[in-house]
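Annotated features, as they stand in TrEMBL:
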- 30, 31, 32, 33, 34, 35: ATP binding site (BINDING)
- 25-209: domain 'tRNA(Ile)-lysidine/2-thiocytidine synthase N-terminal' (DOMAIN)
Ligand SMILES: Nc1ncnc2c1ncn2[C@@H]1O[C@H](COP(=O)(O)OP(=O)(O)OP(=O)(O)O)[C@@H](O)[C@H]1O
């Protein structure tokens, strides 16, 4: 059990972070013991180290259970008692028939990120604890046999970048839940118990109950394994980033080129680099399967090899290994929507009324009629890549492509490193950042970490 005297000293938990540069922090508070402890510890920490930083508590009412609105108001009352600003945000969108937990989670982070934006900050604090971390890695270890990709065993990172813009920071990852509850009991603070946390039809409550019956040793082992997996994941990410930096170029929009000697690089790092580049080129929702990427990597050493993986055509030739979005299953023509991500590859920004505009894939016929700049790539590949890029039309009249970083009739499309990076854990920042630089995507904001830690986010 963690022995830190957090009843008087939040320092050991918070010293990883540097919030002084932020105008405000948003604390995500459900009212449960973890997030309530987070709120009070953060308040103490800011009072001591950064009194100018505003603390705002936000509760998301998912409106999935009767009574959820009342609970949010209970959190409001606790915050009022402590003089902390508090907002309640309600998930009002349509609820899916299946996959409610995942949809609710995404909606919650979107609402929290929106609240952070309104407060002029890019940091959301959550109350994830060491117990949550142990549950996460043990659940993932249970599923690993099927997938064999050990990245997930690293668990949750201290900081995770959400949608490329907002940091989710987890100061309590080193604290045990019971220690936090002792802290609250000492302060005579009551917390709310969420019935979903003990509903054993869900995987996490089942794991939580199983762990509760065990001794602490299983949790300690899981945490040590997670720390070592995180170290390995970060190191592999840095090696992959180095390979991307030295071997990858972006000769023309939509086409990534790897120098031929990439095929001779150390397989573990090269396969990881390849998966990340496939994620960027194809825009698929997840990184490609590890085993399939290993098979492709083993074959790109052949002088002529062509395969499709994860919506991406991999075309290995004498001039290099080229990656581009395959022509199948591109989005149907539709009006551009503000902040939507087109085909998992371009985030749209729509300023004017775009009602009469249509966004559609360029298509091969149109790509063939356009000039191809002199590029370090075969013209046929440059055209095939261009055919998959978004074009803007108005009533059958072609207006232009969205690959240039300028607004066209109030619409622009900024490249993104791919949906796999929607929640980007700190361990993966290095390969994601170098990929962003390669394809012209926005670079990530500085993480809210103390200087000596930030370089290793
Ligand atoms: N309704 C809510 N309103 C505000 N914050 C919340 C809410 N629910 C959860 N959180 C935040 O998320 C943290 C984790 O909560 P919980 O473990 O219940 O969620 P989860 O969905 O398992 O987490 P994850 O974000 O890892 O998927 C909490 O400590 C709190 O900071």
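Every residue gets a Cβ built from N, Cα and C, even glycine.
Note that the coordinates shown come from a computational prediction; the quantities given were computed from them, not determined experimentally.
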Other Cβ atoms within 10 Å is the metric here; tell me which of the binding-site residues 31, 32 scores highest. 31
What is the total of other Cβ atoms whose distance to the Cβ of residue 30 (ATP binding site) is within 10 Å? 23
Using DSSP with the three-state reduction, classify residue 33 (ATP binding site) as helix, strand or coil. helix
Around residue 34 (ATP binding site), how many other C-beta atoms are within 10 angstroms of its C-beta? 22
8 Å Cβ shell about 30, 31, 32, 33, 34, 35 centroid, ATP site members excluded: 29, 36, 37, 38, 127, 191, 192, 194
Starting from the Cβ of residue 35 (ATP binding site), draw a 10 Å sphere and report how many other Cβ atoms land inside it. 24
As a check: which entries in 31, 33, 34, the binding-site residues, place their Cβ less than 6 Å from an atom of ligand 1? 34
